[in-house]
Amino acid sequence: MNSGHMQPPGNDAPAGCPFSGARAAHTAQPAQAAHEASHVPGDAGWHNAQLDFSKSMSYGDYLSLNSILDAQHPLSPDHNEMLFIIQHQTSELWMKLALFELRGALDAVRTDALPPAFKMLARVSRILEQLVQAWNVLSTMTPSEYSAMRPYLGQSSGFQSYQYRQLEFLLGNKNVQMLQPHAHRPDILEQVRATLEAPSFYDEVVRLLARRGFPIAAERLERDWTQPTRHDETVEAAWLEVYRHPQQHWELYEMAEELVDLEDAFRQWRFRHVTTVERIIGFKQGTGGTSGAPYLRKMLDVVLFPELWHVRTTL
């Protein structure tokens, strides 16, 4: 996976974790040192760490941990429901970051700022790796354990995740019918509809190809953005030229590989979702009314960036 993109010079972040308690290298003034010493217990093992946060922001304050850690409300008496809730809540947080990075990368591509876009795309691929690994935790739940809590879930289903739907739309898998699960929440519906009606990330990359001089068909450059990505011969011809002469089109070559990395990671996430569902509920109907595992297996056939995969056969 391409993940070795560095920040531009001058944007170096301070080394070390901001929450590790590590202090910047400097020589403390005598008055400051005396003040800090007065706040340290007799054991010098505290390394002058600040211990009193009555008048300053703490780690928990910064992260709003009270709100986050008070957001788990199991409806069943079953012990395993906490795992189920946290699995899905943390996945939603990672999806929030994935959307943030993808939209940042999309803005960068629109302005031809490709190196920052590469960094953000690589990060999204790593986020998807994290989401893949999360299924390993949920897979510790047995069919018996899930059956004990399933009646309490009602019709709620990950199928209804509006962040996941926006992620699909942003990556080009558009479907106007998928607005319906969000019709009861006008604010959310507006967000999802805006993503549906805007060019996908790949649409913007195709426009980039045109700006770089490749003869992309006019109907591909100004199509109905609410429709899913379809294979286009002129787009594949452009990628074929890029792959045949990478040194002449290095940024586009790297963009192509970042997109392949991204879709590969997305496929693995989908596949791990399927196998986890099959392991826990078999082929029962999903809580949201879908066919469950068969529906998820069908989604494995969706190709986000078709020309980038087909060109490998053409080369």
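For all residues, glycine too, the Cβ spot is worked out from N, Cα and C.
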Which range, 1-41, 165-205, does TrEMBL list as region 'Disordered'? 1-41
In whole Å, how far is His273 (heme binding site) from Ile86 (substrate binding site) when you measure between their Cα atoms? 16
Return the residues near Ile85 (substrate binding site) by Cβ distance under 8 Å, restricted to its own chain and a separation of at least 6 in sequence. Gln72, His73, Pro74
Measure from the CA atom of His273 (heme binding site) to the CA atom of Tyr146 (substrate binding site) and give the result in Å, rounded to a whole number. 15
Tell me which residues of the chain lie with their Cβ under 8 angstroms from that of Phe84 (substrate binding site), as long as they are six or more apart in sequence? Leu138, Met141, Tyr146, Met149
What's the number of neighbouring CB atoms sitting within 10 A of the CB on Ile86 (substrate binding site)? 15
In three-state DSSP terms, His273 (heme binding site) is classed as helix
